[in-house]
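Pulled from Swiss-Prot:
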- 1-90: region 'Bacterial histone-like domain' (REGION)
- LYS3: N6-acetyllysine (MOD_RES)
- LYS72: N6-acetyllysine (MOD_RES)
- LYS86: N6-acetyllysine (MOD_RES)
- 101-200: region 'Degenerate repeats region' (REGION)
- LYS103: N6-acetyllysine (MOD_RES)
- LYS137: N6-acetyllysine (MOD_RES)
- LYS144: N6-acetyllysine (MOD_RES)
- LYS156: N6-acetyllysine (MOD_RES)
- 179-200: region 'Disordered' (REGION)
Amino acid sequence: MNKAELIDVLTQKLGSDRRQATAAVENVVDTIVRAVHKGDSVTITGFGVFEQRRRAARVARNPRTGETVKVKPTSVPAFRPGAQFKAVVAGAQRLPLEGPAVKRGVATSAAKKAAIKKAPVKKALAKKAATKAPAKKAVKAPAKKITTAVKVPAKKATKVVKKVAAKAPVRKATTRALAKKAAVKKAPAKKVTAAKRGRK
């Protein structure tokens, strides 16, 4: 579709003559060009955004000669299609037979639906993280209990050994004392028997 065809379609939709449709198209184009030239952007909800993009200096090649050519920084006009425009072209949104193809509020509702779809994903990730956390705690707790259980018997064992070692000398001392007493008691008996034999 060229400019003349666009004017013809606009004339039929507006129900006006060709002059008014031509003036409308030319005024819209003129307004967009002047705004973008100033550095402003023209946003048409659902349709897209006309804006100016700055390109930095770069090195390019001449396709014919193959020589490198330095390109100065320039500004170029650009157009970013809107969400509804993209949805209609992609087939995600039905194009109405009558009325405007792009309406207000449709983009906002689509954005809300996208936000609702993204939210459950975050919740699911949070639940997965919550399930992973208890597993780590369960692993750490038994490890600490095992170490304490091992340490306690070790202390008791050392105490038992010390007690046994302390008691052992007492038994030896008592046995020695009893042996000495028995020797003392036996010695006088031998002397008495020897004296009796001398008297006889």
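Even glycines carry a Cβ here, placed using N, Cα and C.
Known features from Swiss-Prot, placed on the structure.
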residue	record	contacts (Cβ under 8 Å, 6+ apart)
LYS3	N6-acetyllysine	VAL25
LYS72	N6-acetyllysine	ALA57
LYS86	N6-acetyllysine	none
LYS103	N6-acetyllysine	GLY46, GLN84
Next item on the list: Could you give me the DSSP helix, strand and coil counts for the region 'Bacterial histone-like domain' (1-90)?
Entry: 41 helix, 27 strand, 22 coil
